[in-house]
Amino acid sequence: MENDISDFTPFGARSRAELQKYRQFFNNHGEPKAIYAFITSKVGDNMLGISQLNDTVHVLDKISRDFYLKTSDGPKNFEEYCSGFCLLNEPVRHFYSGMLISGQHGTDFSHLDLGYPVTTVLGTKLYMDPNFFGVKVATENNKIESKQEPNNIREVSLVVLQLRSELGDEVKAEDLRNYEHQILDYIHDEYKSDHINVYILTDSYITEEIVRAGLTLLPFLVIGFTIMAVFSSITFVVSAYYLQQLNIYKVVLAVMACVCPFMACGASLGAMFFSGFRFGSILCVTPFLVLAIGVDDSYLMVNAWQRITCHRRKNGRFESVNVELKHRITEMFIETGPSITITTITNVLAFGVGATTPAAEIQLFSIGNALAVTADFIFTITFYGALMAVVGKYEIAQELKNMKTLPGAETPSDTSSTGSVTSSEPEDCKFRRIIAKICDFLTNTWVCSVVLGLLAVYWYICIVGTVNIKSELSPNKLFLAESNIVEIFKQRKTHIIPYYSACWVLVENPGDINDPSQRGKLEDLIQSFESLPSANGRYSTKFWLRDYEDFLKQSEDIDLPIEEEDEELAIEFSVNGSQVVTPSQPFGQGNELRQFLEWPEFSFWKGFIQINESTYQMSKFLVTTAYHGSELVDWSNRAKLLNEWRAVADQEKYRSLNVTVYEEDAKFLDLIETMSPVAIQSALWTFASMFVVAALFISHPPTLFVATFSILSTSLGVFGIMSWWGADLDPIMMSATVMSIGFSVDIPSHVSYHFYQTAKETTDIRRRLQMTIEAVGFPIFEASLSTSLCVMSLFFVDLNMAQIFAKCMLLVVVIGMIHGMLVMPVIFALLDTVPRKLTAKSRKQHLASTVTVVTVVT
């Protein structure tokens with residue numbers, strides 16, 4: 001089971017190229033990996049306490065030193081295998097030391113300033129903004145000044161530790177997962193603290209939580225199957241009892257109607273995985289969907305069989321079981337086959353259109369559903385049809401055994417192609433009288449007017465909701481509410497994103513850094529990023545060149561002894577900053593960069609710089625800077641900020657530098673802009689496909705119009721009501737959109753096809769509607785109610801993905817049934833009045849013209 005959260009990113013998205021360049025930057029050192037520790041206080045919200053920071057440093061030491069990663073060179077802890085970013089957490093350690101010193105010597109200690117964003121401990125400047133979040137500082141006269149007040153920090157809500165390093169081929173992926181699991185298991189199961197909460201975030205943990213969230217649906221699938229099997233058994237027994245066809249095998253048919261969709265899912269998904277497709281948690285929804293679609297076809301087949309059997313018993317005699325069985329099976333497939341085929345083809349086409357979307361996860365979902373629906377169609381007409389033949393043979397044998405032939409009985413006669421009762425059949429059945437009254441009610445002029453008025457209000461509400469649906473993204477929706485990752489995202493949204501949204505700037509062609517004009521160009525580039533409206537400013541930027549410029553100035557200020565001026569000299573800095581003059585290469589010929597990176601205070605810049613080992617010239621470098629804004633909690637606004645960064649990088653004056661920006665969440669942010677156009681495009685192509693398929697089976701334009709209108713109206717209702725229900729247009733909603741469009745075809749297709757077929761029997765609109773409702777009314781009600789009961793179980797899963805699909809399926813069923821049983825009959829009735837009125841009008845005109853002619857002649 002593999003999940004990659006980036007699979008929601010569209011193919012061809014710019015973020016994919018940016019991620020590739022970011023990874024290539026670390027090729028010399030290996031793939032960049034990070035373990036994050038999010039730490040909050042158990043006592044209040046302030047981490048600015050000796051106990052809280054003591055436990056934080058203890059966690060840092062524990063993770064860094066006591067857990068070992070298996071490498072080709074033997075087990076190594078973080079301090080042993082880390083390379084360029086080993087010192088990212090040192091500000092936290094030094095800040096804690098500063099607090100201990102402050103407690104012992106007072107806050108006026110000359111070399112101590114516990115401030116934010118810059119803390120000074122023993123003369124060393126430390127930038128706290130990458131580690132401290134939710135910070136409150138004291139200002140003079142409650143005014144924020146450009147100058148930082150000494151010891152201004154008052155509150156810290158969140159401390160983040162980053163164990164970031166680059167791992168090469170010497171570390172296997174499985175060994176890395178085991179290493180991360182050691183840390184996760186220790187923090188979750190063993191670590192105890194009275195002062196802090198610790199949450200660990202790693203790539204493997206994210207994947208496992210997505211899988212775990214998806215697999216929580218499976219127990220509810222058993223519940224849904226049980227509900228549908230029980231419901232199907234009850235309805236099959238009731239309908240068979242009413243039609244005097246009850247036997248124990250009706251329960252077998254009911255249960256197997258629910259088994260076929262599972263067989264289809266097993267065959268299709270198993271074949272996919274065997275062919276190399278990966279498992280995605282979103283595929284856990286597929287059995288629910290196929291179960292809902294599949295039982296609908298089985299209900300239609302069983303209902304048609306029972307009506308045909310009822311008609312044959314009343315109007316025909318038969319001598320051979322096999323001949324009669326063949327006749328009834330044939331009539332059953334004649335009636336139900338085309339409508340089942342229409343819904344299957346349109347569903348497959350809907351998911352086929354979804355498979356063309358640029359997001360891998362949605363493609364996987366669409367392909368899985370398309371194959372499962374196809375397999376279910378095959379199993380329904382073969383396996384389930386064969387089972388019906390076995391049961392039907394038993395029923396017919398019992399009929400033949402119990403039948404008493406009357407002297408004047410009619411000879412066997414064929415049923416209509418719709419399996420409905422012909423005009424010669426008695427109309428005294430109570431059930432038919434009820435349906436006839438319902439049809440009279442639906443064709444009433446006032447009722448039609450009220451329904452159209454309500455339909456207009458419904459369309460207005462749905463259009464407003466659809467237009468206002470917001471393209472937004474929340475990755476935490478992929479996880480269970482109980483997951484620690486949800487808490488991490490909450491802390492991140494509250495304390496990090498609005499104040500420190502980091503941007504990585506990659507410069508792949510920095511040029512000759514010994515040239516002052518080139519260094520000025522690089523400085524101008526970074527200042528352009530720092531000048532954006534939401535930028536935190538210069539203090540949040542980690543730019544090696546500024547320290548390098550200071551290093552060069554310090555080097556120029558050093559007075560070398562006169563007697564040594566003719567020698568080749570270089571400057572080497574010790575840990576405490578003292579100067580030691582040693583013979584080396586001539587200063588000013590590229591050796592400055594080597595000396596800069598060898599100075600302990602600047603050695604951490606090695607993680608941000610790529611050096612050509614042979615010439616020791618710079619080939620690439622990274623810069624980080626940060627941005628703020630309360631509006632950044634919305635991912636759509638973060639997408640706009642990302643585009644601002646890209647606009648700076650794409651400026652013509654920086655083109656020679658080959659600048660790329662990288663944002664860890666860009667893979668999601670790029671999806672936001674594509675969701676609306678992709679959803680609209682998919683919807684249009686799906687509707688076009690459905691129209692073409694329906695036209696192949698229904699050649700009557702008015703009937704085809706009503707079917708298409710109902711599909712469009714149902715889909716629009718799902719989108720609009722989901723918007724009012726609080727749903728955003730995200731990848732899950734896009735997947736549900738594809739599903740909804742496909743699923744909305746079922747009921748309108750069944751109703752319109754059967755109504756179209758009734759034209760062969762009669763032209764009376766009430767009679768046609770009655771025949772249609774008799775054919776599909778009960779199966780539609782049966783399928784709608786069973787599907788609703790099945791998906792209701794998903795509401796008990798505390799998972800957003802499950803609830804989104806459950807809501808969509810419930811809306812499709814309810815809105816589709818209302819359209820199929822109310823809106824479509826009303827529109828059919830209204831369309832029927834048009835030709836009659838036109839005919840009546842032309843007849844009056846003809847009579848009037850005749851009278852006029854007669855008058856003239858007289």
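From the backbone N, Cα and C atoms, a Cβ is placed for every residue, glycine too.
Bear in mind that TrEMBL entries carry predicted annotations, made automatically and left uncurated.
According to TrEMBL, the feature domain 'SSD' maps to 224-390. The transmembrane segment annotation in TrEMBL covers 217-242, 248-269, 276-295, 370-391, 441-461, 678-697, 704-726, 732-756, 776-797, 809-831.
Listed by sequence, the residues of this chain that lie at least six past the ends of the transmembrane segment (441-461) yet keep a Cβ under 8 A from its Cβ atoms are 713, 716-717, 720-721, 724, 765-766, 769, 822-823, 825-826, 829-830. Ranked by the number of CB pairs under 8 Å to the transmembrane segment (678-697), the listed stretches 732-756, 776-797, 809-831 are led by 732-756.
Counting residues 6+ beyond its ends, the transmembrane segment (809-831) has Cβ neighbours under 8 Å at 288-289, 292, 439, 442-443, 447-448, 451-452, 455, 702-703, 706-707, 709-710, 713-714, 717-718, 721-722, 739-740, 743-744, 746-748, 750-752, 755, 765, 768-769, 772-773, 776-777, 780-781, 784, 787-788, 791-792 in the same chain. Mean per-residue pLDDT, taken over the domain 'SSD' (224-390), amounts to 87.
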